[in-house]
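Going by TrEMBL, these are the annotated features:
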COILED    967-994  coiled coil
COMPBIAS  138-150  compositional bias 'Basic and acidic residues'
DOMAIN    158-383  domain 'Anoctamin dimerisation'
DOMAIN    386-968  domain 'Anoctamin transmembrane'
REGION    45-64  region 'Disordered'
REGION    115-154  region 'Disordered'
TRANSMEM  397-424  transmembrane segment
TRANSMEM  473-492  transmembrane segment
TRANSMEM  546-565  transmembrane segment
TRANSMEM  571-589  transmembrane segment
TRANSMEM  596-616  transmembrane segment
TRANSMEM  644-663  transmembrane segment
TRANSMEM  684-703  transmembrane segment
TRANSMEM  764-786  transmembrane segment
TRANSMEM  814-838  transmembrane segment
């Protein structure tokens, strides 16, 4: 808001110290407001050095040469508005009555100004006439007197007057480009009724901060246009009728709770503020019914998040250039007209005083103490406060993350029980016993030349470790996790519905989205009528659209081939290094060559995954821009789907190879299948392939989560630390404490360019790890739970302390991510069925117990029925039948005392001296294969039936919530009707009172 000094005898005679203050610009075609403020002008006359500073900003140098300005006669407040078309005041209570003679002079002044600017005839243009530029430029505030400067910077949340709240900050450089567009943009900001004030940066004289304030009448006007729901009556809660049995049960439970700590995971109600909008009925704001709403204080009726959202809404619709659709802050940020744009944090997140004794200084401080501080890691999240400060979209993310973490508790508990079951039954496992006691069984070498003959008992430890994950409870856990995924998603829908109701998002609908500038520039020549808005808009032809989609799909397919090529490289590495480690000089590596190969391959694979992720982001951007999506939401959905597909394939390709291909297509000794007729494919360990899959999942999961946590928090911490170090060197050790809030926020890191994409992607990939191969690694939910407990506080700390405050925005759900979660849930059923049937030894053991073991034909299976299983699962091979390239360099005499003539390998084949065809598959092989296929079909159909039944039985909307919504709708109608009757009755009584007073006067 700027100042225009009006000279004239009629005004000076009545109020020599008055200054007529216009709103931050005016549009003579719309509302024009003139305010009166009772304070002396701190600004020098035109031509003074203070007015000659660039951009109308008062610099420190000019302040030093300025004459001493008179002190204010009374506290400065946001000027009261006196409107020609009456509008509500947006200021503090110190509003005074203006004499009629002054009002006449004001009208004369406005009549004289009408010649300076006329509204544009073009309905699509909001640009002001260039003739008004001098007056409009003068309307931008400059820095006030030194005493006001100190008061402003002490808080950093208000204008220089100490009253007008800063709702938005724009940052630009004086030396930056597009200054002309920026000037036009700022003029039109003033024309919308917003107030502005500029100030130089303390650290860099080239950086200018443009502070934006929305007056009360602007907030009301746009709140009505945006259908923002505001509170108008306190809620009344009714107790449901309880049965006597339930009452007795509750009494007993409450008596038992008396011995426990009183809700240690919840916050004290005295700590959290009274969030009135959550305890009140709300309705879309309307200026004509403003008396219905609960307005205790105009300054706090619209909270800071709502104010920032309204200002951002305005800035996105302000033009910066003549022409169609040349508008919006985002486009000015993309062409570097502005360097940054953000709402302010509400002060510091730290305080010298304890929050328990002195209370919270602001919502940011409260969020830090109740949410982002590591000491409250075990407490529930204050979702209402998060939503109030960061908006519904971020609030829903943390609600989903908290719900996911809470649902991981039962999954982690059951997974841990499965692991402990394997631990406690380890000594009773017949298969492990036979492997550990098989000192007379000699296994064939697992690689060419360098690998020696081994005793089966050498793999005793690996057999025991395999039993920890592959035991009788594995199938139960796989079914449990498939059902858990369904229950998690179904109950999340119910939780989301409750949040949407509490946060007034049930009836919220996204606005008709604007067309992306890139789409508009590409297809501006061809237009068609929009069926919703009825306006012409650029149109993309059908052939052009689908040809681009085909090219994009081809690019996706090519990148998947790149992933397969990377996996192929890892396979070759494993094949080569297993022989290298077998000939290693260090005995520990030589004796555990296969484990060393798997471990190093997983670490190399992780490095490749991280490198390819960087490439995938650039390719996904290229392909998404190539598709030319019409709107921003279409662009986000397309980019999200590509990035998830790329990273999912990249992260899980090696895991799929180990789970379903490792050791499956190697052939047999004497007839190995080779890559490029040179390298023999890698075989599974004598104790099975599951140990390799467990190592792959454990290492990748731990390394990925550790790396993500470092990049999320460690990287911003290092950047902010470097910025603070530079500022201390330039301005002294206590420089940051004296910086205004906008300066401190500008030195923080901006939020990711893709918003919450990285946060969601990390958790969705983790959800895939937790469900897809959980049958092979029951501890995955436990690792995910431990990570998420840390993740919530990391994200909270990052949002509150390390990032600029993101723009509060609304959302009804988590968007496309819910569909991706459902797809992962379906895929997990299929993969777990194959892991149990193909990767583990569950089916071969079951077939042996019922068909070939000691209990064959008895209809039972136990540990006694598994006697002889190891010998039955191994085939015989004559050493003289080895290929020339596979003959070991040692014949085994140095280990076994004599040359080895026969060795064993894992398969179901005939012995070399069989009367039939040697090395052909036995009947047991076909029985096992048939049982595996039958298990996959039965398991999938059973689990999918259970999943669908659970999804059908669990309604998306809780019954009590449905009843509350119906009752609230009824009560709102009744309250509105009663309030309208009350207003009409008051008007009627006032008319009667005035009528009687008129007659009494006569």
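Any Cβ shown, glycine's included, is placed from N, Cα and C.
Just so you know, TrEMBL annotations are computer predictions that nobody has curated.
Contact counts against the transmembrane segment (473-492), taken as Cβ pairs under 8 Å, peak for 814-838 among the stretches 546-565, 644-663, 814-838. Here the transmembrane segment (596-616) has Cβ contacts under 8 Å with residues 559, 562-563, 566, 569-570, 573-574, 577-578, 581, 589, 643, 646-647, 650-651, 654, 682, 692, 695-696, 699-700, 703-704, 707 of the same chain, all six or more residues outside its ends. Between the transmembrane segment (397-424) and the transmembrane segment (764-786) there are 3 or more Cβ pairs closer than 8 Å, counting only residues 6 or more apart in sequence, so the two stretches are in contact. For the coiled coil (967-994), the model's pLDDT averages out at 79. Packing against the transmembrane segment (644-663) from elsewhere in the chain are residues 556, 559-560, 563-564, 566-567, 570-571, 601-602, 605, 609, 612-613, 616, 619-620, 682-684, 689, 692-693, 696-697, 700, 704, 761, 764-765, 768-769, 772-773, 776, 820, 831, 834-835, 838-839, 906: each is 6 or more residues past its ends and has a CB under 8 Å from a CB in it. Remote same-chain partners of the transmembrane segment (814-838), defined as residues 6 or more beyond its termini with a Cβ less than 8 Å from a stretch Cβ, comprise 396-397, 400, 474-475, 478, 481-482, 485-486, 489, 496, 636-637, 640-641, 644, 659-660, 664, 693, 760, 764, 767-768, 771-776, 932-933, 935-936, 939-940, 943-944, 947.
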